[in-house]
Every structure is written in C-alpha cells, then in structure tokens.
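Please read the structure below before turning to the comments.
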Amino acid sequence: MSRSLSIIWLFGLISGFNIMITGNTLNYWLAKENIALQTIGLLSLITLPYSINFLFAPIFDSLKIKYLDKIFGHRLSWICLTSIALVFFVYILSFLNPFDNLLLFASISLIISFFSSMQDTILSAFRTEIVNKESLGFASGIYIFGYRFGMLLANSGAIYLSIYLTFNEIYKIFAILIFIYLILLIVGVKYCRFDQNNDIEQTTNNNDDIFAFIKNILKPIGSISFIILILIFLILYRLPDNFINVMINPFLLHLNYDAFEIASVGKFWGVMGAIVGGLLGGFIMKKKNILDSILLFGIIHALAHILFIILKIHGKNSTLLFITIGAESITGGMTMTAYIAFISSLCQGKFRATQYSFFSSMMGISRSIFPIISGYIVVNFGWQNFFLFTTIITIPSLLVLLKIKNKLQQ
C-alpha cells in the first residue's frame, strides 16, 4: 500500500505541475505583460481540453501503442507518448511572447493543454486501478499532496524565478523538468510492485455512437436523472474557486504586491495551506462519509472568500494577505480532496478512465468556460462585488448536494 501511495503522490505532482503550465503560471505571465483583464478571463478557455477529455478516454482504455506497450505496458506507454509531446510544445512556447503574438501564443498553449489533459486522464485512471475503494479518501489526500507540490514548483517557483529570469527561460526549464518526471515515473511504475486491478476493457466497438457508449458505461452508477444531478453538482461546486483563480494574479498585482510577495505568500503559502487542507480533509474523511465532508468543507470554504473583500477594503497588507491566502487555501484543499474522492468513488467496473474523465470534465467546464466572464465582472462591478459573487454562488451547489444525498438515502 505504501508503494502505491508513493506512485499516487508522483501522479499528483505531475498533474499539478502540468496544469500550471497553461493555468495560473501562464495567467501570471499574461498579467505581467499587462494583457487586459477581459482577455485574461477569455483565455481561461485554454484549459478547455480538460473539459472534453472524457471523449478521448475510451482510446486510452482500449487502444494499445504497438511498440511502447510491449516495453512499458498499457498505461505507461500512453504516459510516455504524452510526455514527449509536452516537452516538445512547451519548448516551442518558451520562444514566444504573448504581447507580440497573442494568437500564436494561445494556440500553442491550447495544444499543451490538450496533451496535459490527456496525461491527466491516464494518470487518474491508473490511480483508480491501484487503490481499493475503501482507501480512496486517504489516497485522494496523498494525490492532492503531490498535486499541490507540483503546482508549487510550476507556480510559486516560476514566479520567484521571474525576479531573475524571463518567462521564456523559465518555460525552457519546464520542458526539462517534464522529461525528468517521465524518467522518475517509468522507474517508479516498473520497479515498485503493487497490486493492480486489471479488469480494464481492452476492446470497444468503434461503430457505437459515443453518447450511447457513455450511457452504457455510466449505467452501473445510476439513472440518467441521478447522473445529471451529479454533473450539475460537479460543475457548480468548483465554480467559485475557478472564478477566483483566473483573477487572483491581476488582483494581487492591482494591490501592488511584488513578485516575491506573490510567490512567497500568494503562492508558496497558498500551496502549503492547500497541502495541509488536503491531508486534513483526507483524515476527516476516514471518520466522516464523503458527502457530509463535501457539505461541511463547502460551507467553510465559502466563508473564506469573504476575506478577499476585507483585503480589498484595507489595501496592501502582508499580515492580512497571509491570513486570507491561508484560510482560502486550507479550506480549498479540503474541498478539493472531498471532490476528488467523490468522483473516484463513482468509478467502478470496466472503463474507469472514461468514467473518471467524464465526471472530472465537469470540473474542466467549470474551470474553462464559465470564468471567461470573470474579467468583465471585475471591470464592470469592481473587485468587492466580484468576491461577493464568488461567495454567493456556492449556495446552489450545496443545495444540489443535499438533493443527491437524499436520493442516495432513499
């Protein structure tokens, strides 16, 4: 079990690192280049591949890469392929500047996001195969620990390095690190022996309609109405965080925090808080069921958003920033752990990759599509109303969660 958890931690690190490349780190790069808030919000669409990766998951479940599969095995061969693609395109991005050619910059970033989301899908499926259902809560905490650590390297580390290096140089370093992670993963998976659930479907009928196929693989989970309810919850629950994440860098720069303060408090302390929150959330879920944990964590996290309003009123204040980021990150780590544990608990039987990707894609929709209006909200209504909005929109998700809980208890 301990070996499996080590591999899961590495899975999390790689996923967290990759998503920052086209996520918050890219967002900070755009903000530093004085790209308009409306444009920054619109470019959250770069992470759209995370919303539709479930469409490609059947390929990862069923299709073997002829030569790599013999050497590395089914999942690891796909990981190798996507990692090499990421190294290549991240290196290309390191020669571009968003201010000079925003369209080309965004296009390459979108390609990186596509391969990153593919790899995230494969790693997530791999994770559901090597952990038994009873350990999902704790394993999710370990995964989030690694995920946040990867985010720390690619986000806080990059912003701190931007004091001394250009972002073009930093993204060249990213390309090298992705290759190193691949080597570590190959060694870890090949030489750490663990029990793996091997009931993964290897063939599928390519003539089947994709929607009929998805309907069939989701059938063991529940009725169509119940699944729709779950999808609505998955979209709404992460919506407040995703709005904030798109605008947090412009907000901190607006308050005149410098790169060192943003890297150390806004990012490093934020990730540390999220790691603590993830582990704390995993520990609590060992004693409390997943749905009750999601409800409790969601309420606490919503209250933490109010601190951003207080920070805006007081202006630049290092102590208040420390408290705000700490409260936001710890409670956010708890909600994320419960969220992932909930998704993982839904996956069962064959085609786990497709099931997990389909549900986690709702998180992608929440992260990529709805936040495109975040910049417009800030420009037209101000920062205080923006953060008030992110607090209020937590309520619908919790009401849907109660509906799900009632259906499960019937």
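Each Cβ is built from the backbone N, Cα and C atoms, and glycine gets one as well.
The transmembrane segment annotation in Swiss-Prot covers 5-25 (among others), and the record cites sequence analysis as its basis.
Annotation source Swiss-Prot lists transmembrane segment at 40-60 (among others), citing sequence analysis.
Look at Swiss-Prot and you will find 76-96 (among others) tagged as transmembrane segment. Proximity of distant same-chain residues to the transmembrane segment (76-96), defined by a Cβ-Cβ separation under 8 Å and at least 6 residues beyond the stretch ends, is recorded for 18, 21, 60, 64-65, 68-69, 104-105, 108-109, 111-112, 115-116, 118-119, 122-123, 168-172, 174-175, 178-179, 181-182, 185-186, 189-190.
The annotation transmembrane segment is assigned in Swiss-Prot to 98-118 (among others) on the grounds of sequence analysis.
Feature annotation from Swiss-Prot assigns transmembrane segment to 141-161 (among others); the stated evidence is sequence analysis. Note on the transmembrane segment (141-161): residues 5, 8-21, 23-25, 28, 127, 167, 170, 173-174, 177, 259-260, 262-264, 267-268, 270-272, 274-275, 278-279, 281-283, 285, 333, 336-337, 340 of its chain, located 6 or more positions outside it, place their CB under 8 angstroms from a CB of the stretch.
Under the heading transmembrane segment, Swiss-Prot lists 169-189 (among others). Counting only same-chain residues 6+ beyond the ends of the transmembrane segment (169-189), those with a CB under 8 A from a CB of the stretch are 6-7, 10, 13-14, 17-18, 21, 72-73, 75-76, 79-80, 83-84, 86-88, 90-91, 93-94, 153-154, 158, 161-162.
Residues of the same chain lying 6 or more positions beyond the ends of the transmembrane segment (217-237) and with a Cβ under 8 Å from any Cβ of it are 294, 298, 335, 339, 343, 346, 348-351, 354-355, 358-360, 362-363, 365-366, 370, 393, 396-397, 400-401, 403-404, 407. For 217-237 (among others), the entry in Swiss-Prot reads transmembrane segment.
Beyond the ends of the transmembrane segment (265-285), by six or more residues, the same chain brings 137-142, 144-145, 147-149, 151-152, 155-156, 159-160, 248, 252, 257, 293, 297, 318, 321-322, 325-338, 341 to within a C-beta distance below 8 angstroms of the stretch. Residues annotated as transmembrane segment in Swiss-Prot: 265-285 (among others).
Sequence-distant contacts of the transmembrane segment (290-310) (same chain, at least 6 residues past either end, Cβ-Cβ under 8 Å): 137, 237, 240-241, 244, 251, 281, 284, 320, 323-324, 327-328, 331-332, 334-335, 338-339, 341-342, 345, 383-384, 387-388, 390-391, 394-395, 397-398, 401-402, 404-405, 408. Sequence annotations record features per position, and here Swiss-Prot assigns transmembrane segment to 290-310 (among others) based on sequence analysis.
Within the chain carrying the transmembrane segment (320-340), a Cβ under 8 angstroms from the stretch's Cβ atoms is held by residues 137, 140-141, 143-144, 148, 234, 237-238, 241, 244, 252, 257, 261, 265-266, 269-282, 284-285, 290, 293-294, 297-298, 300-301, 303-305, 307-308, 310-311, 314, 363, all 6 or more beyond its ends. The annotation transmembrane segment is assigned in Swiss-Prot to 320-340 (among others).
Taking Cβ pairs closer than 8 Å, the transmembrane segment (356-378) reaches residues 36-42, 44-54, 56-57, 117, 121, 124-125, 128, 214, 217-218, 230-231, 234-239, 242-243, 245-247, 250, 339, 343-344, 346-347, 385-386, 389 in its own chain, all 6 or more past its ends. Taken from Swiss-Prot, the feature transmembrane segment applies to 356-378 (among others), supported by sequence analysis.
Look at Swiss-Prot and you will find 383-402 (among others) tagged as transmembrane segment.
Sequence-distant neighbours of the transmembrane segment (40-60) (same chain, 6+ residues past either end, Cβ-Cβ under 8 Å): 19, 22-23, 26-27, 30-31, 75, 78, 106, 109-110, 113-114, 116-118, 120-122, 125, 204, 210, 213-214, 242, 246-247, 250, 351, 353-354, 356-365, 367-369, 371-376.
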